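Down below is the structure, laid out as structure tokens.
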Amino acid sequence: MTDETDAIRLLLIEDSEDDAVLVVDRLRRAGLSVDYERVETADAMAAALRDRAPDIVISDNGMPKFDAGAALRLLRDTDLDVPFIVVSGQIGEESATALMRAGAHDFVLKEKLTRLGPAVQRELREARDRQERRRAQAALRDSEERFRLVAENLHDVLFRFVPGPVPVLEYISPAIAGLTGLTPERLYERPELLFDIMGTAEGELMRRSWQVPLGSPLALSWSRPDGTRVVAEQRLVEVYDDGALIAVEGILRDITEQIEAAEQRRELEMKLHQVERLDSLGQLAGGVAHDFNNILGVIGGYTDFVLEELGPDHPCRTDLENIDHATRRAAALTRQLLIFSRLQPSNPEVVDLNAIVGEIERLLRRTIGEDIEFDTDLGGDLPYVTIDPSRLEQIIMNLVVNARTAMPEGGRLVIRTTLTERVPTGAIGAQPPSGQHVSLTVADTGCGMDEEVQRRAFEPFFTTRSTGQGTGLGLATVYGAVQEAAGAIMVDSAPGAGTRISVFLPAVESTAPTAGPDETDGTANRGHGEHILVVEDDDDIRAITRRVLTRGGYRVSDAGTRERALAMLQDASPPFDLLLSDVIMPGMPVLKFIQTAIDICPPIRIVFMSGYTADSDRQLPEGVPIVDKPFNADTLLRQIHATLAGLPG
């Protein structure tokens, strides 16, 4: 449709050229610019409509072969929305009414052509308005279709409702079905179903927000039909018309992953904080472990001396045994902390698993308590395994403590060892294990673990105990030690059915272990007057060590510094048979001390004592034996005897 200032395209159906000129002249007098084409047959009109769409059609009704009715029908057969005006010399009321009903927009008598200009202007305006409405409606349909496509493919839920005591849902996108299991069709019928799927408090909160719109955003949560939890955020925007609230539009966004990510981030931050705290604690422990273990050594040493002097029925014996037990627990705790902090490197040895269990069985029974039945079922003729003995003790102790904690009201705990030809598929380890393994299983009749707890059981800091009741390091330490030994571990548990944790260690072919209990009596480790130089800066430890060695059949001299020790080596005649020295001492570095001592006395044998296996320990020559503090008399004497005899300690 052309603008009023442009020439209008007029299709004029008229068989009289004079009448045509009269019509055009009248339009031009009305201020219209006219570009017209005159036709007088149906074929000519059809051709004109095909060639160029007119802005308006004016038809004479008095032509003998082609009247206005036929022209109107021909125009209506096209898709053109063009005003059609009838001009006639005379027309009856019935004919005029029929033409108007057929779609004519107006009719003008030739004797009143002054009406033609205003009628054409009016119809052009109305046609222009109809075109604008059609364009707006088409744009609206396109917009609605685009909105529908977007809404139906969004993960977010879009909705619109009329607020009130009983909200009226006007639209909700299909994504609601994925979030709630409710289809839009069901919610159109019963919007309250959306509130009902939530908990009482949250459902009521959402209901109120649809009755009287509340501030946004609003966090809501519910369970899907499959049981998974959903957390969503609702945001509302009020829609007004002339200042009146007519509707509320909103979006419901699934923020479950964001919430879970935030929770995981908080958990990771907490774990990082715990790791940093543990690192600081480990550094602190490393700094004080030497002195702390010296103190434990003094307590344990003098306790052993007194116990040796007392008869089995002495009334103080139980108290002293409790002191000894507490000392061993303190030493084990220090060792566990250093192991987990990676401050104590592994010293793997070939060991007899059954012998290690037997060594610590007494300590385990005291740890477990009297309300739990404790049994061992140790397989016969088991191959040896290669592992740091202290790590193995820690594995057993931690598994037993974990089992004890699972039985607060008592129960039964069994330690079982056996030979396994193939590690079960469910076991986890650093590498897929193969070949024969010796298994250690700790089974309890406690509360058991569900699948989620089993999945996280070996995570550092993960614990099911109340705050302050556990560190979450016990099983993590076990897992680390098992991996270090190239073994595998498996958990078999269910809620209410107890727990079985099995450790699988690779079997080794060996005729004798390099670690384990001394199978001979105490006299086998006695000395025969060999001369030992004890180098220790702690006076109490030096005194206890001297006393143990003297009672063990050795001659003993001692020095409080390395410099003093070297001077004594230089002056000794005959030379000392063995040098027993602490690793960490002020003054001369340990490597320089070793080399100088060997230069002074080449045949001398050396044993070190250590309360904290730090970097300085790793610098020691390979094969130099180390006795961990706190040690008991048997351990020290066994190592001294083995070193003097040229045997591995």
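Note: Cβ is positioned from N, Cα and C throughout, glycine not excepted.
On a predicted model such as this, the values are computed, not experimentally measured, just so you know.
Sequence-distant contacts of the coiled coil (245-278) (same chain, at least 6 residues past either end, Cβ-Cβ under 8 Å): 155-163, 170, 176, 179, 210, 213, 219-220, 229-239, 340-341, 460-461, 473. Annotation source TrEMBL lists coiled coil at 245-278.
For 9-125 (among others), the entry in TrEMBL reads domain 'Response regulatory'. DSSP places the residues of the domain 'Response regulatory' (9-125) in helix, strand and coil in these numbers: 58 helix, 25 strand, 34 coil.
The feature domain 'Histidine kinase' is assigned by TrEMBL to 287-509.
Look at TrEMBL and you will find 531-644 (among others) tagged as domain 'Response regulatory'.
Among the features that TrEMBL reports, 4-aspartylphosphate is placed at D60 (among others). Within 10 Å of the C-beta of D60 (4-aspartylphosphate) there are 23 other C-beta atoms, taking all protein chains into account.
Its own atom aside, the Cβ of D582 (4-aspartylphosphate) has 22 Cβ atoms within 10 angstroms in the protein chains shown. Annotation source TrEMBL lists 4-aspartylphosphate at D582 (among others).
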* Which residue counts does DSSP yield for the domain 'Response regulatory' (531-644) in the helix, strand and coil classes, in that order? -> 50 helix, 24 strand, 40 coil
* Inter-residue C-alpha distance, D60 (4-aspartylphosphate) and D582 (4-aspartylphosphate) (nearest angstrom) -> 128
